[in-house]
Amino acid sequence: MQVQVMNHPLIQHKVTLMRQKETGSKDFRNLLEEITMLMGYEITRDLPLEDVVIETPIAKMTGKQISGKKMGIVPVLRAGLGMVQGMLNLVPTAKVGHIGLYRDPQTLEPVEYYCKLPDVVDRDFIIVDPMLATGGSASAAITLLKNKGIENIKLMCLVAAPEGVQRINKDHPDVRIYVAALDDKLNEHGYIVPGLGDAGDRIFGTK
Ligand code: URA
């Protein structure tokens, strides 16, 4: 299984807080934003740098800056929205696209109901979705981006089931998956076990 589990102590501590059923929406949202920033720090490690000449109050020097690489953040609606601000805190110039998918009750396959993306030319994309369960929606979201000609795609999730990781590995072996936790399995209702419940409901305080 190809997946990078980000096991920094701060990430692990915060995921444990998020899992607890007593954690309310406000804390859940804040923790998700914090974890997204911690994960985003690692995920953006390969951003190319270039030299830039600047002047400090004391002297001229050559510093480093990110070399204009364009980035797109794409939350899968609706739970993915909870990871957008964390990424924007790190990369304020990133553009944000949105993908909405629902599951066809007959075929159980994801169907696109919304897709709005920024200019895709020379842009690297990170798809964000807290829960990688069956992998059906994440795989469909990746296909959607690939069909627009996007080549460099990463998938960033909070909690994954092995089933979801395997599905992405099979459908999109070129896409790297980053997670904060790899859990045991899916239950018969499609929830990740032990997981944290319905991420969208916990972010937005719905039932
Ligand atoms: N989506 C969720 O929000 N939680 C799960 O456990 C699985 C899918």
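Note that Cβ sites are derived from N, Cα and C of the backbone, with glycine treated the same way.
Quick look at what TrEMBL lists:
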- 5-206: domain 'Phosphoribosyltransferase' (DOMAIN)
- ARG78, ARG103, ASP129, PRO130, MET131, LEU132, ALA133, THR134, GLY135, GLY136, SER137, ASP198: 5-phospho-alpha-D-ribose 1-diphosphate binding site (BINDING)
- ILE192, GLY197, ASP198, ALA199: uracil binding site (BINDING)
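Ligand 1 lies under 6 Å from the Cβ of the following binding-site residues, listed in sequence order from ARG78, MET131, ALA133, ILE192, ASP198, ALA199: MET131, ALA133, ILE192, ASP198, ALA199. When the Cα of GLY135 (5-phospho-alpha-D-ribose 1-diphosphate binding site) is compared against those of the binding-site residues ILE192, ASP198, ALA199, the shortest separation belongs to ILE192. Residues ILE192, GLY197, ASP198, ALA199 make up the record's uracil site, and a Cβ search at 8 Å around their centroid adds ALA79, PRO130, MET131, VAL159, TYR191, GLY195, LEU196, GLY200, ASP201, ARG202 from the same chain. When the C-alpha distances from GLY197 (uracil binding site) to the binding-site residues ARG78, ASP129, MET131, SER137 are tabulated, the minimum falls on MET131.
For the 5-phospho-alpha-D-ribose 1-diphosphate site, whose annotated binding residues are ARG78, ARG103, ASP129, PRO130, MET131, LEU132, ALA133, THR134, GLY135, GLY136, SER137, ASP198, the maximal Cα to Cα separation is 17 Å.
A Cα-Cα distance of 9 Å separates ASP129 (5-phospho-alpha-D-ribose 1-diphosphate binding site) from ALA199 (uracil binding site). GLY197 (uracil binding site) carries neither a helix nor a strand DSSP state and counts as coil. Sequence-distant contacts (6 or more apart, same chain, Cβ under 8 Å) of ALA133 (5-phospho-alpha-D-ribose 1-diphosphate binding site) comprise ALA161, GLU163, GLY164, LEU186, GLY190, TYR191, ILE192.
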